[in-house]
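Per Swiss-Prot, the features are:
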DOMAIN    16-134  domain 'MTTase N-terminal'
BINDING   C25, C61, C95  [4Fe-4S] cluster 1 binding site
DOMAIN    157-387  domain 'Radical SAM core'
BINDING   C171, C175, C178  [4Fe-4S] cluster 2 binding site
DOMAIN    390-452  domain 'TRAM'
Amino acid sequence: MEDLVLDNNTKNIYNKRFFISTWGCQMNEEDSEKISGLLKGIGYTRTDIRDEADVVIFNTCCVRENAEQKVYGHLGELKALKRKNPNLILIVTGCMMQQKGMPEKVMEKFPHVDIIAGTYNSYKLPEYIERVKTEGNSIIEIWDKEKGIVEGLPVDRKSDIKAFVTIMYGCNNFCSYCIVPYVRGRERSRDPQNIIDEIKDLVSKGYKEITLLGQNVNSYGKGLEPEINFATLLRMVNKIDGLERIRFMTSHPKDVSDELIKAMAECEKVCEQGHFALQSGSTEILQKMNRKYTREDYLTLVKKLRKAMPNVGISTDIIIGYPGETEKDFEDTLSIVKEIEFDSAFTFIYSKREGTPAAKLEDQVPEDVKHTRFNKLVEAVNEIMARKNKEFEGKTVEVLVEGPSKNDDTKLMGRTRSGKLVNFNGCLDQVGKLVNIKITKANSFSLTGEII
């Protein structure tokens, strides 16, 4: 493990503002919280107005092509701003930059970019900013591989109630469509005591809910001495006084052990919720994806989860249009969605990622077929979600109050233990508290209720 030591000559920046935009998963969100913490630590303040910032940071994603296109669009927009303010420092970091050849491509197309960093060295951004200011030259700094885990980074968290805590980095699964192992590196786990200490510190500051993060949390502990597994870590976190709720993601279906399900059911602070990415309901497609489980394996997992926790909320990811997907394969996916009845599902059209095995496959599904299947799947998912939400009407649920509703600032919002979003009337002094809500109305993607 490596502790961060900030160079003292970077601590001389005052009255400067930074703007950060984040694409991608919760891991990226937590990375941005750390970047924000680092910059605040050297005197910067954060602004939500991009055009008034002295430093603009794009923390990028490359899981799908659409995310990359958005970054290109924003970089193009900043050309005029850079011309207007030559002292503006523009930074691009994250997964997109870790791809082979991408930094050079971005710098060639957008020469007004000042700093390009990858996923392994974003904690060095304060140093890079200082170098640009003193030397005046652009910086491309991409590390080929991880250099251990950096502990002790300052974190500027978005919420005062809930926090992400990363427990491991990287992925060893190499699903055939996925770029993540190539840009996030091999699996490496944090020391359990460092995780416990971080959570205890958060609880002492008033945090009530922790989400344990990893590309595959089920692989946690491999390679540590003494070896520990994720189920054991869950039980350790569950013992922390003052912590109310524990969630985790992402969890690979093939690695969900009976021991983990038992821990989820027995640990009273672990919420009855899990995100288990199905990706396809066709065993043939799952094999091509290198997912290492079958349709029946996934159905068995769901049965085990629901037997152990009858009220468990199960969410998933589904990819439509993987190379070679036939109409039968799609119907297999549609039928398993209807059989399981997920509480929510994130659905995606397959996006070809250069450098992955799937990108070399020739049997690509026509775009119009992809979209037809996608629309049919989304319709089924939404119908199931609306129907399952309807079942909550008249029931009383426990909700952790998170703050004002995003859609109606006259209301408060929070989530049930199973992950359902609930909006209700209340007072701001209830933020951070657990309250009982009677559900009065079910909406397509949320619930409405009243405090009892």
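Glycine is treated like the rest: Cβ placed from N, Cα and C.
Everything Swiss-Prot records as a feature, shown here on the structure.
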{"residue": "C25", "record": "[4Fe-4S] cluster 1 binding site", "DSSP (3 states)": "coil"}
{"residue": "C61", "record": "[4Fe-4S] cluster 1 binding site", "DSSP (3 states)": "coil"}
{"residue": "C95", "record": "[4Fe-4S] cluster 1 binding site", "DSSP (3 states)": "helix"}
{"residue": "C171", "record": "[4Fe-4S] cluster 2 binding site", "DSSP (3 states)": "coil"}
{"residue": "C178", "record": "[4Fe-4S] cluster 2 binding site", "DSSP (3 states)": "coil"}
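Excluding C171, C175, C178, which define the [4Fe-4S] cluster 2 site, the same chain contributes N173, F174, Y177, I179, V180, P181, Q215 within 8 Å (Cβ to the Cβ centroid), listed in sequence order.
Rounded to a whole number, the distance between the Cα atoms of C95 ([4Fe-4S] cluster 1 binding site) and C171 ([4Fe-4S] cluster 2 binding site) is 13 Å. Counting in whole angstrom, C175 ([4Fe-4S] cluster 2 binding site) lies 17 from C25 ([4Fe-4S] cluster 1 binding site) by their C-alpha atoms. Each of W23, G24, M27, N28, T60, C62, V63, A67, G94, M96, V180 belongs to the same chain as C25, C61, C95, is absent from that list, and has a C-beta within 8 angstroms of the C-beta centroid marking the [4Fe-4S] cluster 1 site. Ranking the binding-site residues C25, C61 by C-beta neighbours within 10 Å puts C61 at the top.
Taking the C-alpha positions, the distance from C95 ([4Fe-4S] cluster 1 binding site) to C178 ([4Fe-4S] cluster 2 binding site) comes to 12 Å. For the binding-site residues C95, C171, C175, C178, counting C-beta atoms within 10 A of each C-beta gives the highest total at C95. The distance from the Cα of C61 ([4Fe-4S] cluster 1 binding site) to the Cα of C178 ([4Fe-4S] cluster 2 binding site) comes to 12 Å. Rounded to a whole number, the distance between the Cα atoms of C178 ([4Fe-4S] cluster 2 binding site) and C25 ([4Fe-4S] cluster 1 binding site) is 14 Å. Across the domain 'Radical SAM core' (157-387), the prediction's mean pLDDT works out to 97.
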